[in-house]
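Trainee: I have a structure I would like to understand better, so I am pasting it below and will then ask my questions one at a time.
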Amino acid sequence: MASQIAQLLEKALHFWNAVPQPLQYTFAALGALYVLRGALSFVRLLLNSFILSGPNLRKYGKKGTWAVVTGASDGLGKEFASQLASKGFNLVLVSRTQSKLDALAKELRLKWSGLETKVLAMDFSQDNDEDYERLAKLIAGLDVGILINNVGQSHSIPVSFLDTEKTELQSIVTINCLGTLKTTKVVAPILAARKKGLILTMGSFAGTMPTPYLATYSGSKAFLQHWSSSLASELAPHGVDVQFVISYLVTTAMSKVRRTSLLIPGPKQFVKAALGKIGLDSNENFPNTYTPWWSHNVFKWIIDSTVGNTSAFTIWQNRKMHVDIRNRALRKAAREAKKQ
């Protein structure tokens, strides 16, 4: 084996020596540039993940400025609301359940003296224009500086597109896409008029890599990626920062993951990173996009730098993983049905 390798190396060296010297220099330069690009990408990863911080949120408004948070009653939305309140922002909380919104608003007002809150119960899946009109009236005259587009829905369990219920398919697209766009359409003019503001939209690994058995959800997040990067360019002259946040799993009701780990943070950890890493672009394919949680960023960099996040191998692995998750979910449901 060793002798065969030595022979191959000898043949390669002989071939290289036969190449004209100008071409050797050209190939060597291209190779050096490729290695340099990889090294710079790795340095950027380390700086953005462990050393650099984003701007102070005061960039978007003084104490008492308002922040609009959608999907605010649970999970990441609830944590965004809590951490923005801790930084002196008043809150407009938008979600489906009135009782949860009222409870959260009361909890935060008791915790943070002087905090003002407004709540709006609306079901984004209904795509009711009257709801967006109510939102516009609610925030009219407020000094809104931040919009957190957090509302979203995934599939209840991984499922093939052919077996996806029509109602689930429609709900995912309506909430994730139309809900985000229509909310932004209401809030963005206020941010542009005041010449400063932040629009932060939640993305997903599923939007950066095609994800079989979550096809509709994956497509909705990919749509938001392109929309967000386009919107960022449009609103930059108005002083509005538009940022798209990439995340892997976080312990939320939507992810159905209960335990934190090295790769899976809790909402508090993730939101702290998301608000602290604004503007630190870590996705070289799309500007104004960042992956705030360090292990998510490292994981994504490894995939991007090796097999590629849209390669056939990555899609195959994604399919295999989600078929397994589906099968385990179905077995669990069958066991619970027997108990009843």
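Even glycines carry a Cβ here, placed using N, Cα and C.
Reproduced below are the annotations present in Swiss-Prot:
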type     : residues                                                                      : note
TRANSMEM : 23-43                                                                         : transmembrane segment
BINDING  : VAL68, ARG109, ASP123, ASP131, ASN150, LYS185, TYR217, LYS221, VAL250, THR252 : NADP(+) binding site
ACT_SITE : TYR217                                                                        : active site, proton donor
ACT_SITE : LYS221                                                                        : active site, lowers pKa of active site Tyr
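Explain the structural surroundings of these features, please.
Mentor: Take the CB of LYS221 (active site, lowers pKa of active site Tyr) and look out to 10 A: across all protein chains shown you find 26 other CB atoms.
The Cβ neighbour count for TYR217 (NADP(+) binding site), using a 10 Å radius over every protein chain in view, is 25.
In this structure, LYS221 (active site, lowers pKa of active site Tyr) is part of a helix by DSSP.
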Trainee: Have a look around VAL68 (NADP(+) binding site) and count the other CB atoms within 10 A of its CB, chains all included.
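Mentor: Total other Cβ atoms inside 10 Å, all chains included: 30.
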Trainee: Roughly how many Å separate the Cα of VAL250 (NADP(+) binding site) from that of LYS221 (active site, lowers pKa of active site Tyr), to the nearest whole number?
Mentor: 16
Trainee: Count, for each of the binding-site residues ASP123, VAL250, the other C-beta atoms lying within 10 angstroms of its own C-beta, and report the residue with the smallest count.
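Mentor: Fewest other Cβ atoms within 10 Å, among the binding-site residues ASP123, VAL250, is found for ASP123.
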Trainee: Which chain-mates of ASN150 (NADP(+) binding site) that are at least 6 residues away have a CB under 8 A from its CB, listed by sequence?
Mentor: VAL69, THR70, GLY71, ALA72, LEU76, GLY77, PHE80, MET202
Trainee: Looking at NADP(+) and its recorded binding residues VAL68, ARG109, ASP123, ASP131, ASN150, LYS185, TYR217, LYS221, VAL250, THR252, figure out the farthest C-alpha pair and report it in angstrom, whole number.
Mentor: 35
